[in-house]
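Taken verbatim from Swiss-Prot:
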{"type": "BINDING", "residues": "LEU20, ASN27, LYS157", "note": "xanthine binding site"}
{"type": "BINDING", "residues": "ALA129, ASN130, GLY131, LYS132, ALA133", "note": "5-phospho-alpha-D-ribose 1-diphosphate binding site"}
Amino acid sequence: MQELEERIQSEGTVKEGDVLKVDAFLNHQCDVRLFDRMGSAWAAHFAGKHITKILTIEASGIGIACVAAQHFGNVPVVFAKKAQSINLDGDQYTTTVYSFTKQKEFPVIVAKKYLNAGDHVLLIDDFLANGKALRGLINLCEAAGATVEGIGIAVEKGFQGGGDTLRAEGYDVDSLAIVESMNPETGEITFRH
């Protein structure tokens with residue numbers, strides 16, 4: 001998605017440790033118009049799929065997923081919680097994921113009543129690095145017996161291999177911008193096309 005690549009080039013900052021900071025428009029301050037165009041792009045890509053639910057992980061994927069849901073007939077959006085809460089009652093699906101950004105493992109939880117065997121799920125997230133967060137969402141879907149119809153990603157760090165691994169496993173991964181390389185010294189960002 002050219003517009004997203006341009007925003008990354010003009011407003012993104014490359015940090016040490018393979019970190020790409022895009023908080024001006026994606027995961028701190030949210031450009032809802034951009035999110036809308038991202039949702040439209042995913043709707044075009046996944047047009048042949050019967051999506052009944054969107055699943056993401058808190059927190060940065062929530063805004064993108066909610067706006068994207070409008071392009072899929074306003075299907076429900078479920079977000080996996082990263083911690084146990086008194087608001088989560090009853091049966092739940094739980095798995096553990098490793099966060100590249102936070103450099104730690106944490107549990108992710110979805111109430112069983114919100115993820116079912118009949119669901120055809122589109123996974124959406126802001127970033128895809130090594131694929132650990134998505135692997136956790138896939139595990140939750142498998143536990144529920146839900147079908148993963150596809151994966152929509154705003155920014156994939158292609159050099160970290162998570163997207164390539166998921167594609168090799170047969171998942172339909174649509175990343176709107178794939179960063180091929182980043183240089184924290186020069187700030188240079190190159191994209192895969």
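Positions of Cβ are set from backbone N, Cα and C atoms, glycine also.
Mapped onto this structure are the features recorded in Swiss-Prot.
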{"residue": "LEU20", "record": "xanthine binding site", "contacts (Cβ under 8 Å, 6+ apart)": "ILE8, GLY12, THR13, VAL14, PHE127, VAL155, LYS157, VAL179, MET182, ILE189"}
{"residue": "ASN27", "record": "xanthine binding site", "contacts (Cβ under 8 Å, 6+ apart)": "SER60, ASP126, PHE127"}
{"residue": "GLY131", "record": "5-phospho-alpha-D-ribose 1-diphosphate binding site", "contacts (Cβ under 8 Å, 6+ apart)": "GLY161, GLY162, GLY163, THR165, LEU166"}
Output field, xanthine shell: CB within 8 Å of site CB centroid, site LEU20, ASN27, LYS157 dropped: GLY12, VAL19, LYS21, VAL22, LEU26, ASP126, PHE127, ALA129, VAL155, VAL179
C-beta crowding around ALA129 (5-phospho-alpha-D-ribose 1-diphosphate binding site), within 10 angstroms: 23
Residue among the binding-site residues LYS132, LYS157 whose Cβ has the most other Cβ atoms within 10 Å: LYS157
